[in-house]
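A quick write-up on the structure given underneath.
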Amino acid sequence: MSLKINNFNFLRPISRKKHRKKIKLNCLNLPFKGKDIWTLYELSWLNKNGLPQIAIAKIEIDVNSANIIESKSFKIYINSFNQMKFNNNIDFINILTNDLTKCICGQISIKLFSLDAIKNETITDFHGICIDNQNIKIESYKYTPSFLMINSERKIIKEDLYTHLFKSNCPVTQQPDWASIYIAYTGLSINHASLLRYLISFRSHNEFHEECIERIFNDINNICKPEELSVYARYTRRGGIDINPWRSNTNFSPFLTRLARQ
């Protein structure tokens, strides 16, 4: 390894606890499990002979870690390896694992994929009902959890819903964060129009990806009170990175392949 740089100092940790307290989650007894899944498309370093190497990385950060990582700082951190030599890929992964584990104060997994290994991955879509094509009027783009409603019939159903219309904003740069949101639940029927209005109400809301998804989970859980609930977001790529957090109180396994906008 060459170019001795303290790459770790580029990383900016953001405490999960502050936001969780803000939305009145019990930090010692979270109502969900989950992970934040990062895909890195612009990852490069040098081998021991100085030949540039490239890979796509998939990183999974456990929901019980103390911190998330501010994405701009993460991009700067990743780019700091572009001119560094490593004897092999294992050495590179070990550096990433040690630095990121220290930053988040929690569990992390990192896998590198060659282009050949993923070239046959297909673009997929969420399964279930897309709620985007409703003939409804939208009048508010300010975060409004009270939009959420259940239907009048008192029948327990199991339903998978999704939207591609979600937008929130980065609290650091105020740039838009675009996402597709998947919601699977078992419980009293959630009114589709109310759910879409609620999700669109994030359009002027400033919050990190992970925080938005925990807020959505918490709002639906508290207002609609489903027996089971899973919320999964796949955000579009920015700076060569997409972030895909999920939260669930049941046995949920998210698919990890790209959506059309990723």
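Glycine too: its Cβ is placed from the backbone N, Cα and C atoms.
Copied from Swiss-Prot, the annotated features are:
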type	residues	note
BINDING	Ile69, Glu70, Ser71, His209, Glu210	substrate binding site
BINDING	Ser71, Lys72, Arg238, Gly239	NADPH binding site
ACT_SITE	Cys170	active site, thioimide intermediate
ACT_SITE	Asp177	active site, proton donor
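Features as recorded by Swiss-Prot, highlighted on the structure.
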| residue | record | Cβ within 10 Å |
| --- | --- | --- |
| Ile69 | substrate binding site | 24 |
| Glu70 | substrate binding site | 18 |
| Ser71 | substrate binding site | 23 |
| Lys72 | NADPH binding site | 17 |
| Cys170 | active site, thioimide intermediate | 17 |
| Asp177 | active site, proton donor | 24 |
| His209 | substrate binding site | 21 |
| Glu210 | substrate binding site | 22 |
| Arg238 | NADPH binding site | 17 |
| Gly239 | NADPH binding site | 15 |
Chain-mates of Ile69, Glu70, Ser71, His209, Glu210 with C-beta within 8 Å of site centroid, substrate: Ile14, Asp36, Ile68, Phe74, Phe208, Ile243
Candidate recorded positions Ile69, Glu70, Cys170, Arg238, pick with smallest Cα gap to Asp177 (active site, proton donor): Cys170
Closest of Lys72, Cys170, Arg238 to His209 (substrate binding site), Cα positions, recorded positions only: Cys170
Rounded inter-Cα distance in Å - Gly239 (NADPH binding site), Ile69 (substrate binding site): 14
Near-site residues: NADPH, ref Ser71, Lys72, Arg238, Gly239, CB cutoff 8 A to centroid: Phe74, Lys75, Cys170, Ile241
